[in-house]
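Asker: Here it is: the structure, laid out below.
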């Protein structure tokens, strides 16, 4: 029986194969609805048993995206924030691990009054509660992406919960969007619809009839195939959307709009119909497709074989380029290859900037230090993020301050000079006496910026700024005097002065040598590039033009 719903719900499912771009499609649709004046929020349901991705290998899962409130979430939450230009919270990412943990805890507390606890209704009710918690008088549409592929065992409780929500809030308040692959068979010379038909049949077998289907392919999709899918899957022709690969992820909203998906959704859900305001997004697309300059940035990391491990970093670099109408080419450099001066010279030859991203563990650290040394000695613009800042401190301590045994306790617990140490409230975690998951210094924290520094200039003269963090280690306060005496500028600290947040070199010594303990990439937007990345790309442009070489 239908009930009054303050928000409309749109569920996004995937079929045939994973990695079809459900998150990007959902984000693009969200952007279109927002550009029509609607208030949109988004959520991702992940079917894995981990409570969150915080302890997962980046090679398996990609980056961990941290929200303002300190949640470690799926990388798709980053897409949602960037496309909607909004800040989401922990409620935006729900996992099977969270659901089962909550249900089991309630059972132990006696909350089920002696019931036999089962997947239906207890697990599905918990899932529904998490989805409906996104409802608000301030939200017109909740877009919920259901991770995995239709047919996966792990996804079944989430799909059942979504089916029940449609039943409870009424079909006029709920929309199902299915994203499916049309594979191209070279011997036949055509795209095939049968896998999509089977995928929709699997959805219908569990009680879900999609309202629209987004067809993914590596080439244009003929109208005749769209008509066939409409007939065989019982979906209106206007609800069958062709979405071939686009030149840029930022083109996807235009593709979906040309196919009429946003208008179809608005009509089906009875939402207020307004024209799309393209002003902001057209400016982004103009900067994407009509750059006036070009720079190459070396991203020196441990997980470069899977670019998704650094997704927000690469998007922030590109957005920094948009601010200067500059195409940013990323050179992926495995940090192990920069261990020697010769290796660093070879790998970084011809780049206009070097970025050292975050990470964990000792592998590849000496290569990061080698890349930092090369950039510092050759005046190449350098930006260090989280672990990147810590490696910059290690390199400077060794090669400039004369502390040859300088290291981090994360990599060497017997380091002669532990210039990077374990945070006081993290020692029990490192010792294995407390849970590892969800216990780092996570979320939005403020920092005070020192006057007459590069970082303060980049932030527009602000005395205090807030950025998201994810770390257990910090620059050791015991070594701050010797580092500063050697010329390193500690340009930002926590409000109580106890934690180093930013380090840099004076610009008369190096054009751009800046490290941050935070993760500024997590707050960058294509429509609002982050000031640190804007400044970094500006320095790279100057270096490219031969005007950024330091005198001293």
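Positions of Cβ are set from backbone N, Cα and C atoms, glycine also.
Per Swiss-Prot, the features are:
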- 386: active site, nucleophile (ACT_SITE)
- 519: active site (ACT_SITE)
- 521: active site (ACT_SITE)
- 18, 192, 193, 194, 195, 196, 197, 228: UTP binding site (BINDING)
- 19, 20, 21, 22, 23, 24, 76: ATP binding site (BINDING)
- 76, 145: Mg(2+) binding site (BINDING)
- 359, 387, 388, 389, 390, 410, 472: L-glutamine binding site (BINDING)
- 1-271: region 'Amidoligase domain' (REGION)
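I'd like these features described in context: how deep, what's nearby, how far apart.
Answerer: Neighbour count (other Cβ atoms within 10 Å of the Cβ, all protein chains): 23 for residue 386 (active site, nucleophile).
Residue 519 (active site) counts 24 other C-beta atoms within 10 Å of its own C-beta, drawing on all protein chains shown.
Take the CB of residue 521 (active site) and look out to 10 A: across all protein chains shown you find 31 other CB atoms.
Residue 193 (UTP binding site) falls within neither a helix nor a strand when secondary structure is assigned with DSSP, and so counts as coil. Contacts of residue 193 (UTP binding site) defined by a Cβ separation under 8 A and a same-chain sequence distance of 6+ are given as 182, 225, 228, 229, 232, in order along the sequence.
Reduced to three states, the DSSP call for residue 23 (ATP binding site) is helix.
Reduced to three states, the DSSP call for residue 76 (ATP binding site) is helix. Residue 76 (ATP binding site) counts 25 other C-beta atoms within 10 Å of its own C-beta, drawing on all protein chains shown.
Reduced to three states, the DSSP call for residue 410 (L-glutamine binding site) is coil.
Confidence across the region 'Amidoligase domain' (1-271), taken as the mean pLDDT and rounded to a whole number, stands at 93.
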Asker: Pop the Cα-Cα gap between residue 386 (active site, nucleophile) and residue 20 (ATP binding site) into the table, whole Å please.
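Answerer: Residue 20 (ATP binding site) to residue 386 (active site, nucleophile), Cα-Cα distance: 31 Å.
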Asker: If you measure residue 387 (L-glutamine binding site) to residue 23 (ATP binding site) at Cα, how many Å is it?
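Answerer: One finds 28 Å between the Cα atoms of these residues.
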Asker: Quick check on the binding-site residues: of 22, 194, whose CB has the lowest count of neighbouring CB atoms inside 10 Å?
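Answerer: Sparsest of the binding-site residues 22, 194 by Cβ contacts within 10 Å: 194.
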Asker: Compared by Cα position, which of the recorded positions 22, 76, 386, 388, 410 is the closest one to residue 196 (UTP binding site)?
Answerer: 22
Asker: Suppose we draw a 10 Å sphere around the Cβ of residue 410 (L-glutamine binding site). How many other Cβ atoms does it contain, all chains included?
Answerer: 21
